[in-house]
Amino acid sequence: MLKFILPIIVLMKFKNNWNLVQFGLGVLSSLVGLSYFHNMYMYMLGFSLGMDYVSYLMVYLSVWIMFLIIIASSKVNMESKFSSMFITTNLFLLLSLVVTFSSLNYLLFYISFETSLIPTLILILGWGYQPERIQAGIYMLFYTLALSLPLLGSLIYLSSSECSLVISLSKPLLYENYGYVIWYFSSVMAFLVKLPMYMFHLWLPKAHVEAPVAGSMILAGVLLKLGGYGLIRILIVFQKISMKFSWLWVSISLLGGVTISLVCLRQVDMKSLIAYSSVVHMSLVLCGLMIFSWWGLMGSVVVMVGHGLCSSGLFCLANMVYERVGSRSLLISKGLLSFMPSMGLWWFLLSVSNMAAPPSLNLFGEISLIISLLSWSKISMIGLMFVSFFSAAYTLYMYSLSQHGIFFNALYSCSSGKVREYLVLFLHWLPLNLLILNVNLVSGI
């Protein structure tokens, strides 16, 4: 495992050389990709770090998104807004994510899971755009901390009752009393906030809107996946009781998905629309994980990877518009098709992937999730029908409102896009649409 972690620590030494760090992360992400040819089942156990296939995918996604973040944020370097500190923060965040995804011990997993909150907070407070970022940071901090303390208590109790916190040694518990129900809820809630589940999602649009492009991309790309990954790991212990509550999570997710889709349709802020659409996607992931079927798990992992790439790319696009127009409002940034013609293609490609059109990973993932949910209960068809329809509706709404119409008269002509920006968007779009040719690489099964 050290060959993944040491390069990140070494790159921190070169924090003053932006181009070198960018190149180093590119090389690291390609090396992580080559590591696929090893025997993946819990290999290289040492320092209680090791990986199975799902965690390998998540580590790969983290390194890849971080590589793209450094390319996308080069404005920080150009305007010399504390660029060395920016790189240190991002690399520390990447380090904590890699440790989280590859830890074999629940306690180490919990510690690194919470550590990833600090660099994100620094990114939002340090490089955010508006004074409201302080409120957004506090929302995020308190939502996450308030419900992660019960998780720590539950892990300590698990350690005392089972005498082990090693994930691979954990077995389903078979208690039947009310205390067990409280134990279950206190364990699961921390991950549901991170996911975020409907009703615990209020911090997400705030954090996304105030965060710089790096914060938005890492939040959408990887930090939301921490919740899904944590559920995959912790539900091993609570299988029996989780079966009894799956109706609760599925109904909240489907109703929440429909409600948030309707909220998306009346957003004016481009970033907050993309943030709310993340909640809809992750609510489907939660449904897939909570009904304990192979199809559900497979669909959830695929949607997590697909959504990580797609959402991150959309935030990148929103930032490019913001840098040129100076506003995130869809009322002002209209008519971008006549203003930045070649960007229109990327808006179209990523919007279409966001509403799960072929040939994107989201299509395969959502089909798997729909099949698993229908096999669990036929009545969930109604919720799924509305979620699918409205997700297409709000994506088209975002695309047509931003690309069509007469553009704002106060804008002067400017470059349609730099090669660097097209590169970032291409590297988001390529894996998203190429991986469907061999889904075995992504499904984790």
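Yeah, the Cβs are placed from backbone N, Cα and C, and that goes for glycine too.
All annotation found in TrEMBL is predicted automatically rather than curated by experts.
Features reported for this protein in TrEMBL:
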DOMAIN    1-100  domain 'NADH:ubiquinone oxidoreductase chain 4 N-terminal'
DOMAIN    104-390  domain 'NADH:quinone oxidoreductase/Mrp antiporter transmembrane'
TRANSMEM  20-41  transmembrane segment
TRANSMEM  53-72  transmembrane segment
TRANSMEM  84-101  transmembrane segment
TRANSMEM  107-129  transmembrane segment
TRANSMEM  141-160  transmembrane segment
TRANSMEM  180-204  transmembrane segment
TRANSMEM  216-239  transmembrane segment
TRANSMEM  245-266  transmembrane segment
TRANSMEM  273-295  transmembrane segment
TRANSMEM  301-322  transmembrane segment
TRANSMEM  381-402  transmembrane segment
TRANSMEM  422-442  transmembrane segment
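Counting Cβ pairs closer than 8 Å to the transmembrane segment (273-295), the top stretch among 84-101, 107-129, 141-160, 245-266, 381-402 is 245-266. Beyond its flanks by at least six residues, the transmembrane segment (107-129) meets 48, 76, 81-82, 85-86, 89-90, 92-93, 96-97, 99-100, 136-137, 140-141, 144-145, 148, 151-152, 155, 159, 165, 167, 190, 207, 210-212, 214-215, 218-219, 223, 226, 230, 233 of its own chain at Cβ-Cβ distances under 8 Å.
The stretch from 53-72, 180-204, 216-239 with the most CB pairs below 8 A to the transmembrane segment (84-101) is 53-72. Among the recorded stretches 180-204, 245-266, 381-402, 422-442, the one sharing the largest number of Cβ pairs closer than 8 Å with the transmembrane segment (216-239) is 180-204. Among residues of the same chain six or more beyond the transmembrane segment (381-402), those with a C-beta under 8 A of the stretch's C-beta atoms are 251, 254-255, 257-258, 261-262, 264-265, 270, 273-274, 277, 280-281, 283-284, 321, 330, 333-334, 336, 347-348, 351-352, 354-356, 366, 370, 373-374. Of the two recorded stretches, the transmembrane segment (301-322) lies close to the transmembrane segment (53-72), with three or more CB pairs under 8 Å once pairs fewer than 6 apart in sequence are set aside. Averaged across the domain 'NADH:ubiquinone oxidoreductase chain 4 N-terminal' (1-100), the predicted model reaches a pLDDT of 87. Touching of the transmembrane segment (245-266) and the transmembrane segment (422-442) is ruled out by the presence of fewer than three CB pairs under 8 A, sequence neighbours closer than 6 excluded.
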